[in-house]
Amino acid sequence: MDSQLKKKTTFKRLLGYIKPYKAAFIAAILCMIGYSAIDTLFLSQIETLIDDGLTEQDSNILLYGALFVPFIFILRGSLNVASSYFLHWVGFKVVTKMRQQLFDHMMKLPVGFHDQHSTGDLISKITYDTQQVAEASSRAVLVLVKEGAFVAGLLGLMFYQSWQLSLVFLVIGPLVAKVVGVVSRRFRKVSSRIQTAMGNVTTTAEQMINGHKVVIMHQGQKGESTRFSEINNITRNQNMKLVNTRAISTSVIQFIASLSLSMVLVIASFPEMLGELSAGAFTTLLTAMIMLLRPLKQLTNVNSDFQRGIAAATSVFAILDEPIEVDKGSRVVDRAAGDIVFDDVTFSYQKDDEPALEHINFKVDQGKTVALVGRSGSGKSTISNLLTRFYDVEQGSILLDGHNINDYKLKCLRRQFALVSQHVTLFNDTIANNIAYGASKDVSRENIIKAAEQAYVTEFTDSMPKGLDTMVGENGVMLSGGQRQRIAIARALLQDAPILILDEATSALDTESERHIQDALGTLRKNRTAIVIAHRLSTIENADEILVMDNGEIIERGTHQQLLDQEGAYFQLHNLQFSGSA
């Protein structure tokens, strides 16, 4: 019952997408009904042609028929074109709207959602699932209305000719309904598996493409091929189950219909029935019954399209029903001063996980620089995730200029931070547009060039034919790691936010580039609050305070010299790095 209720809810919700285009949708339905009515009208004239035209040898009937046929087929063809156009126009409008809605909603979902779902699966929702909704639903409506109207017309014609024989034929109704009910459940289950399988195909392909260099360097081609083959075969198997179910159900329904047709022929052979039916009437009745098998087959098959569309829509709506980021804040400031306080902050990524941060307390005064150091997994990057509210704290509070960061509107809060991560994201656009990406106001070419010069981007773009107008390729594939990172730093320079978060910002730079960038960052940090997450201790020696982290806790704090004098964890890290580089 829950499954049926969910299906009805999904169907009603899907109809809501059609509502804005109901005029075109109604026009499509009327054209389809008209198409089926013409087919029924054409069949109804068989009796006249046989009884009056041939049996009575009335040549006028045959001549009128010769004029009637071309006209009726021109009208029939016009209605077919119109119905197909209007229906697919509505279908593409629906999928465009749904795809845009899904894309926009995914951007509003919290970072935690994206961390728990594979990129390939989410891409498959936007590309494959939405397309399935449009294609399957359009085909389902086309067949359902057109063939349904044709079935209604044929049944009316059959009852007009002989209601007794028509009743015998209708015995198949309950049996067909039973078969369709069983098949519907099967279609829905298999279609849902196909959505999941296609998501896995996309994910596996995406991982191989993104990690192509790693795959070939570690001779992982065979393993990746085997993994993809297994997933690909699962998709094939599920599709074959769908095809087999459709073929078997069609054959069963047609067999049931053939038994009913046999009964009609037996009853029609009785003397009293032979006396009632003319040759034309019986031919019309028999033709209508035979013609009824085709739309019955189509209507059985349309169930698979309908169930596939419902399964895809359910998958899409599941994402659309995911709650977006909580933004209850109302405080808006043009530019924050930059005072930051972590007050007894504890946080876990998952409820049952060990805390990523535990009882964290520290303060960063306006214009000061605090560095976070420690081994991987100690909680350094988690602090930047909490500051920008990619995640919300479970215990304690984070203050910005004396106000809880939850009190700020999200857009306003994130506008106060310029984040440069070790994982640089570039878009398939020009270098200049990547630097200017997300700028809160229109920026001049001069400002872009200035930021590029400060981040030493022009050092490599000056040798390029198109300079800053050079396309970077997908995620900056045409550039080196150091070049990508310099573009990200130029983006932060242009953003001119009061607070900087540098998460291993110089990790991909060579020694010469790092020296240039350190000079640029030194200029950038003036009169700005900066939180620097660093692995290379040489980059944070001048920080106002250094926090040493381990297992989500701050175990040491002080200036570079103070921490060296303590001869604790920082002292050991320092010796390890500099003895290794000596």
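Each residue, glycine too, has its Cβ placed from N, Cα and C.
As written in Swiss-Prot, here are the features:
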type	residues	note
TRANSMEM	23-43	transmembrane segment
DOMAIN	26-308	domain 'ABC transmembrane type-1'
TRANSMEM	61-81	transmembrane segment
TRANSMEM	140-160	transmembrane segment
TRANSMEM	163-183	transmembrane segment
TRANSMEM	247-267	transmembrane segment
TRANSMEM	273-293	transmembrane segment
DOMAIN	340-576	domain 'ABC transporter'
BINDING	G374, R375, S376, G377, S378, G379, K380, S381	ATP binding site
Practice prompt. Residue list, the transmembrane segment (140-160) vs rest of chain: Cβ under 8 Å, 6 or more residues beyond ends.
Written response: 28-29, 32-33, 35-37, 39-40, 43-44, 83-84, 87, 166, 169-170, 284-285, 288-289, 291-292, 295-296, 298-299, 301-302, 305-306, 309
Response to the item:
Top of the binding-site residues R375, K380 by count of other CB atoms within 10 A is K380
Practice prompt. For the recorded ATP site, enumerate neighbouring residues of the same chain (Cβ within 8 Å of the Cβ centroid of G374, R375, S376, G377, S378, G379, K380, S381, site residues themselves excluded), in sequence order.
Written response: M549, D550
Discussion item. Within a 10 Å radius around the Cβ, which one of these binding-site residues has the most neighbouring Cβ atoms: S376, S378?
Written reply: S378
Worksheet entry | Segment-level pLDDT (mean, integer) for the domain 'ABC transporter' (340-576) | 86
Worksheet item: In the structure shown, which of the binding-site residues G377, G379 has the fewest Cβ neighbours within 10 Å?
Response: G377
Worksheet entry | Proximal but sequence-remote residues of the same chain as S381 (ATP binding site) (Cβ under 8 Å, at least 6 apart) | D503, I533
